[in-house]
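Copied over from TrEMBL:
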TRANSMEM  B:12-40  transmembrane segment
DOMAIN    B:73-288  domain 'ABC transmembrane type-1'
TRANSMEM  B:76-98  transmembrane segment
TRANSMEM  B:110-130  transmembrane segment
TRANSMEM  B:159-184  transmembrane segment
TRANSMEM  B:205-230  transmembrane segment
TRANSMEM  B:265-288  transmembrane segment
Amino acid sequence: MATDLRSARRAQNWGRLFIYGSLAAMAAFYLMPLWVMIVTSLKSLDEIYSGSFIGLPKAVTFDAWAKAWGTACIGTKCEGLKPYFVNSLVMVIPAVILSSGIGAINGYVLTKWRFKGSNIVFGMLLFGCFLPFQAVILPMAQVLGRLGLSGTIPGLVLVHTVYGIAFTTLFFRNYFITIPDELTKAAQIDGAGFFRIFFSIMLPAALPIIVVSCIWQFTQIWNDFLFGVSFTAGDSTPVTVALNNIVNVTMGRKQYNVDMASAMIAAIPTLVVYVVAGRYFVRGLTAGAVKG
Amino acid sequence: MQKPISLKDRLAAWLPQLVLTPSILAVFVGVYLFIAWTAVISFSSSKMLPRYDFVGLEQYIRLWSTPRWITAVENLFLFTVLFLAITIAVGLFMAILLDQKVRAEGVLRAVYLYPMALSFIVTGTAWKWILNPSLGIQKVVNDLGWHSFVFDWITRPEFAIYCVVIAAVWQSTGFAMAIFLAGLRGIDNSIIKAAQIEGASLTRIYLSIIVPMLRPAFLSVIVLLSYISIKSFDLVLALTNAGPGSATEMPSTFMFSATFRRNQMGVGAASAMMMLMTVAAIIIPYLYSELKEDRNGH
Amino acid sequence: MATLEIDRVKKSYGQMDVLKEVSISVGDGDFLVLLGPSGCGKSTLLNMIAGLEDITSGQIRISGDVVNDLSPKDRDIAMVFQSYALYPTMTVRQNIEFGMKIRGVPPEARAKATKAAADMLQMGHLLDRKPSQLSGGQRQRVAMGRAIVREPKLFLFDEPLSNLDAKLRVDMRTEIKRLHQRLGTTIVYVTHDQIEAMTLATRIAVMKDGVVQHFGPPQEVYDRPANTYVARFVGSPAMNIIPASLQVGADGLAEAVVSLPSGEARIAGIPLSAAALKSHAGQKVLLGIRPEHFSLTSGPGLSVHIDVVEPTGPDTLAVFAMGGTEVIARLEPFAAAAGDRLTLAVKQEKVVVFDASSETRLD
C-alpha cells in the first residue's frame, strides 16, 4: 500500500515536471521573437553583422530607435515613422469612438426594441464580421474617389467605421441580451423614453463591454494593413504601411536594427493596451466564437 | 373617452427602427451592394479602370488559366491544412496543460496570447529577421557548433510557404488556446470526478470524455482559423512578399497585385469573388447554426 | 384608486391567438390574481394592462378611461417584476427616485416620498447601497418601494415572489397583503402558485391557453370550481376527480354510484339543481371531492383499501383506488396505514359534479 502510494506520487511528480517543462518551453518559443526584436533594435549595425543575433547587446544604443522614429527614409521622405504614427492615431481614435458608439445603440435596439425582421437585420450585419475585404475594396476605392476622400484619413475613418459596425454590434448585442428585458419595461413605466433608457440605464451597465469593444476596435484598426495600403499613399498612410515600406524598400546594407525598432514602434500601442487590459482583449477575441 | 395620443408618442414608436437605419444602410451599401458591384466587374472586361460591359465568364476562365492563381490556390490549401492542424493541436495541448491548476497561469496565458495583439506586418517583419539564414536562427545554431545545420526555407521556393505557416501558427495559437480553455472551464467538474471514481486514467478521461465535449469550441476554432487563413494577406506580404518568385502567392495577395499592380481589375474581381464564395461556404452555415441555437436559447 | 375593466381583449401573434376574448372586471381596492401555468397568457395580459404590449382587439379601461393607446407612463400604474428589474448601476435611492425625477418632482418632495416608502418597508438603512449588495428579499422590497412612491391607481405584480426561497416567499406574501390592506390600492398580481392566489386575492382569474377558466372570489374557486381543470389546479393535493354515474336517489336528490374494488358504493344527498339532475340522471359524470371531505366513520360508508400513506405532520394523506382512479383523502395523523381496510364517509354537501364530456361543473 505504502509503495503504491509512493510510486503514484512519483508518477505525479513526473507529470508535474512534464507539465511545467512543456509550458516553459512553449513560453520561451512565444517570447523569442519579441526578445529578438528588442535586443536587435538596441544593437549597432556592426554588432549585428558581426553575428550577434539572440544575445544581449554588448553596448546598448538607441540610435536605431531614434532613426526609426525620426529620420528613416520612406519613399523619398526621410522623416521616420513619426508622421505615420500620428496618422494612425488620428485615424484610430475617431474610428473607435464612432464604431463602438454605433454598435452600442445597434445592440440596444436589437435586444430591447425588437421588431419584425430584427433577427434578419442582425444576421445581415453579422456576415459583415466575416467579410473578406477583398470583395469590397474595388467598389470602396471608387466610392472614396467620388466622395473626394480617397487617400485621406477621414476616408479611412469612414471605411473602418462601416466595417467595424458588424463586430461592435455583435459585442453589444450579446451583452445586452443578458440584461433582463424587465429592466427596460420598468424604466418605461417610470416614464423613461428610448434615449433616456439607453443613456441612464443601459450604457452605465455596459461598461465592461464598452472596454472590450474599444480595445478590439483599437487593435483591429491600428493593425490594419489592407485598407491602408489600398486606399492611401504617400503622406497619409498609416503606420503599418509605413513599416512595411521601411522594411522592404531600404537600399544598401540592410538596417535590421532600424527594422526591428520600427516594428516595435508600430507594435507598442497595441502591446500596451494588451498588457493593461488583456482580460478585455481576450473577451473580445472569444466573443466571435463563444456566445454571451 | 379615449385620450389623444401625442405626436411625440407616435414618433417614439418608430424611433428604434429609425436609429438603426443608418447602420443598415451603411452595411447594405458597404457589404452587399459592394459585393454585387465586385461581381459585376468580374463579369466585365475591366482592366485599369472599371468598365461596365458584359463578357460572361471570360475573367474567371482567364483567372483559372493563370499559373500564379493555381499556385495561390494550392498554397492556400496547403497553408490552411497545416496552419489549422498545428494551431489546433498546440492550442489544445496548451489549454489542457493550463487547466491542470498550474501556477502563474495568468502570466503564461498572457505570454501565449500576446502575438494576437500584434499586427501581421510586425509579425512578418520579426520572423523575416529570425528566419534570415545568414544572420538568424541558422547562424545561431551554426555558431553553437552544429556547422552543417541549414535552415534557409525562406529563400527556397519549395519551402517558403512553411515559413508562413510557422509565423501564422506563432501568431494564432494563443487564440485557439483561449477558446479551448474557455471550453474546458465550462465543463462540469463532477463529470471528471465521476469518471475518476470509475477508475479512468487522466489521459483516458481527456481523450474519451473531455475532448468530445469540446465540439463547439472545435467548430469555432476551425471556422475562425479558416477565415484567418483565407484572408491572410499582410503576413505573406511582410514575410515573403509572395516570393521567392511567386512561391508563396496566396489568393489575397494575387487579388491585390492583379488589381492594383498589374491593371487586371476584371481578373482581380473574379479572384475576390472566388475568395468570397469560399468564405461564405464556411461562414454562412456556421452563423446559421449559431443563430438557431441562440433562438432556441431564448 | 381605480376600477379595472378588461373587455373582450384579444392578443394574437400572426395566426396564433395568445389571448382569446378575455373579459374581467374588478372594483376599486380589489386584489385580482391572474393564476395559471406558464404560457397561459397571464403575463401577456399583465403586460397589456401596463401598456408594454399592444392589444389586438378589445378594450382595457382604468377608472373608466380607455387606455389601449396610452404609453405606460401615462397609465398611472406601477409594476413589480419577477427579476426585480432594479437599475444595476444606481443606488437604491436613485432607483426609487428615477421615475419621480423623470416626472419632474422637485428634490424635497422626492426625498420625502423616498423616506416614507423606506419607512413603510423598513429599508432606510439600504438606501445608499447598490442592488448587487442586497439579498433577494431586500431587492424585492426596493422594487416595491419604487412602485409605492408613484402612488399609482393600479399596482401590477408579475410573479414577484418566484425568485425567493420558500421561507422568504411566505414572509413577503404577508408583506404584500399588509401593503394592500394599508394602501387599499387596486392590485393585479400574476402567479402560477395557487397558494399565493388563495391567500392574497379578493378575485382570482384562473387561466389556461389564453382563456379565463374561472373568475370569482377565492373561496368560490376552491369550493365550486368551474371545471375539472380549475379543480385540479387549485388546492394541494388537488381535488379528486372520480368517474361515477348519476342517479335519482330515494329522497329525490342526486345520488352517485362509484365503483370500488369491493363492489359498488353510493354517495347520496349531493346538491344539484333539479334541472341538472333531470338532464344527467342515468349518465356518466365526474365527481369532484376535496381530500379533506373524506373522514373515517364507524357507520356505513365507502369501504376502501389503503395503498400508500403520506404523513405531512398536521394530517395524513391516504391514497386508495376508487372509480378506477387514484384518490387522496386527508385524515388525522395515524388514522391509516398502508394495507388497511377502512370505511370512509364523504361530506356529500361539498361534492361537486362535472359533466363527463365537457368537464364543466353542473349546478
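Even glycines carry a Cβ here, placed using N, Cα and C.
Caution: TrEMBL annotation is automatic and unverified by curators.
Keep in mind it's a predicted model, so treat the numbers as computed, not measured.
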Recorded stretch that, among B:12-40, B:76-98, B:159-184, B:205-230, B:265-288, has the most CB pairs under 8 Å to the transmembrane segment (B:110-130):
B:159-184
Give me the stretch from B:76-98, B:159-184, B:205-230, B:265-288 with the greatest number of Cβ pairs under 8 Å to the transmembrane segment (B:12-40).
B:265-288
Hey, which bits of the same chain come close to the transmembrane segment (B:159-184), Cβ under 8 Å, at least six residues off its ends?
75, 78-79, 82-83, 86-88, 90-92, 94-96, 98-99, 109, 112-116, 118, 120, 123-124, 127, 131, 153, 210, 213-214, 216-217, 220-221, 224-225, 228-229, 232, 235-236, 239-240, 243-244, 247-248
Go through the chain and flag residues at least 6 beyond the ends of the transmembrane segment (B:76-98) whose CB is under 8 A from any CB in it; none is fine as an answer.
105, 108-109, 112, 161-162, 164-165, 168-169, 172-177, 179-181, 183-184, 206, 211, 214, 218, 221-222, 225-226, 229-230, 232, 250-251
Do any residues, 6 or more residues outside the transmembrane segment (B:205-230), come within under 8 Å Cβ-to-Cβ of it, and if so which ones?
76, 79-80, 83-84, 87-88, 91-92, 96, 168, 172, 175-176, 179-180, 182-184, 187, 191-192, 195-196, 251-252, 275, 278-279, 282-283, 286
